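Heads up, the thing below is written out as structure tokens.
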Amino acid sequence: MKILYLLFAFLFLAFLSEPGNAYKRCHKKGGHCFPKTVICLPPSSDFGKMDCRWRWKCCKKGSVNNAISI
């Protein structure tokens, strides 16, 4: 039973510590994270996954106004 408590505490802390550092690499490139269904225009403004969450990608901030959602 103690093992379950330790496992829960570890998982809780692992997910709790993520938001403070989230998307730092994407923001440094001048981007923002969007769902993968969004098409960044021009294509050169699509930085790929970078450090965005699962099924999201990094697009340059200026391309948001031109983004097309599928």
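Quick reminder: no glycine exception, Cβ is built from N, Cα and C everywhere.
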Cysteine paired with Cys33, where Swiss-Prot records a disulfide bond, from Cys52, Cys59: Cys52
Packing count at Cys52 (disulfide bond) (other Cβ atoms within 10 Å of its Cβ): 22
Candidates Cys26, Cys33, Cys52, namely the disulfide-bonded residues, that fall within 10 Å of Cys40 (disulfide bond) by Cα distance: none
Structural state of Cys58 (disulfide bond), classified by DSSP into three states: strand
